[in-house]
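Residues or ranges marked as active site, proton donor in Swiss-Prot: CYS115. Marked as phosphoenolpyruvate binding site by Swiss-Prot: LYS22, ASN23. Annotation comment: Swiss-Prot describes ARG91, ARG120, PRO121, VAL122, ASP123, LEU124, ASP304, ILE326 as UDP-N-acetyl-alpha-D-glucosamine binding site, evidence class sequence analysis. Here Swiss-Prot flags CYS115 as 2-(S-cysteinyl)pyruvic acid O-phosphothioketal.
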Amino acid sequence: MDKLVIEGGVPLTGTINVSGSKNAALPILMASILAEEPVTYTNVPRLRDIHTTNKLLSILGCPAEFEGDTVSVRPCDLKPEAPYDLVKTMRASVLCLGPLLARLGEARVALPGGCAIGARPVDLHLTALEKMGARFELEEGYIIGRCRKLKGAHIYFDFPTVGGTENLLMAATLAEGETILENAAREPEVVDLARFLIACGAKIEGHGTSVIRVQGVPRLHGCEYAIMPDRIEAGTFLVAAGITGGELLLTGCPWEELDAVIVKLNAMGMHIEKTSEGVLAKRRNGGLRGTDVTTQPFPGFPTDMQAQVMSLMCLAEGTSVVQENIFENRFMHVLELVRMGADIRISGRSAVVRGVKRLTGAPVMASDLRASASLVLAGLAARGTTHVQRIYHLDRGYERIELKLNAVGARIRREAE
């Protein structure tokens, strides 16, 4: 197991290229199951979850090959079972459920794993698929799904679930008739999935709004498709510029998709602007100021940026309040930040952050993907040395982060524990 060792206190200066989006790539790769012809993806990040997805696709009968940032998938002899050995490491693996039911009429998918950050029930997926004619039972830790042919249905989500919207969107492309997804997730990654499916021949309208309409088609063909840039990786590097007092230019950075994050960072005393070369981020003269953040579904402030911005709040003048409305138990990074000298108090789904003058390096332990990023950011700004343990979480969502940070002046290295 590896750890990161960070010598803090160095302003980061230079250019970072933003990788392809993990959260877009995972469902789009799963959608390969729907196509009857080869599919080629570019701008795919080389991450642990992507490699796991490629292995899963190969086991399901869609051999996937990775070369550079390109993944080629060749659907051939489809099989319905997603085994526990792969699914246990990644919650997104449940996204193969809808495509398998649409193509084969059956699926046997182990209950998913992934980050332990609260309840992420698959019930919303199953209830919606049942409205399309699927039947489910739980057997020895596996979701067993069967259907003759999925039928179009009017589905209302009680909450704009991203995974549920993606699963139903994929299933609906090959269903008989029209499917309407109401109170659907509007996240950019959902829009990217819809655009990919349309490129394969699907008939979809309304993606990016709360009502998506899908007219089922008999088959989907192959295509070539470029994965969108990762807005969460980009947001993490924007915070890195602010927390170290440096100046970073992000190339390939999604601008519109980061609006809620940029508004808050500018309010805290950063200057972020779009230029002809990319997105420029630096700290304004006068230091950082506290602000309040409430996580919400898109286009609100993303929960996946909450932990990183909290690290910045730790060094901002005044008091900041974070309200976490999406996931339970997503303050697991707080105790580790406190070990570094942060002043944070938790009350239910709220965290009150009182800014301090400095953070101090310490041994800390990552509990999930975004908590890992939060601790790396804190380590970059801290006085002294920070050891971030259990970075396998980090490797699930950030492509070679230590190499990218070192290239702009950070002193960070990976060591075996």
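Glycine residues also receive a Cβ, built from the backbone N, Cα and C atoms like all the rest.
Shown here: features listed in Swiss-Prot, placed on the structure.
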residue : record                                        : Cβ within 10 Å
LYS22   : phosphoenolpyruvate binding site              : 25
ASN23   : phosphoenolpyruvate binding site              : 25
ARG91   : UDP-N-acetyl-alpha-D-glucosamine binding site : 20
PRO121  : UDP-N-acetyl-alpha-D-glucosamine binding site : 11
VAL122  : UDP-N-acetyl-alpha-D-glucosamine binding site : 19
ASP123  : UDP-N-acetyl-alpha-D-glucosamine binding site : 10
LEU124  : UDP-N-acetyl-alpha-D-glucosamine binding site : 19
ASP304  : UDP-N-acetyl-alpha-D-glucosamine binding site : 22
ILE326  : UDP-N-acetyl-alpha-D-glucosamine binding site : 20
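Under the DSSP three-state reduction, PRO121 (UDP-N-acetyl-alpha-D-glucosamine binding site) is assigned to coil, being neither helix nor strand.
In the three-state DSSP scheme, ARG91 (UDP-N-acetyl-alpha-D-glucosamine binding site) is classed as helix. The distance from the Cα of ARG91 (UDP-N-acetyl-alpha-D-glucosamine binding site) to the Cα of ASN23 (phosphoenolpyruvate binding site) comes to 12 Å. For ASN23 (phosphoenolpyruvate binding site), the nearest neighbour among the binding-site residues VAL122, ASP123, LEU124, ASP304, judged by Cα separation, is ASP304.
Take the Cα of LYS22 (phosphoenolpyruvate binding site) and measure to each of the binding-site residues LEU124, ASP304, ILE326: the nearest one is ASP304. In the three-state DSSP assignment, the secondary structure recorded for ASN23 (phosphoenolpyruvate binding site) is helix. Taken residue by residue with DSSP, ASP304 (UDP-N-acetyl-alpha-D-glucosamine binding site) is part of a helix.
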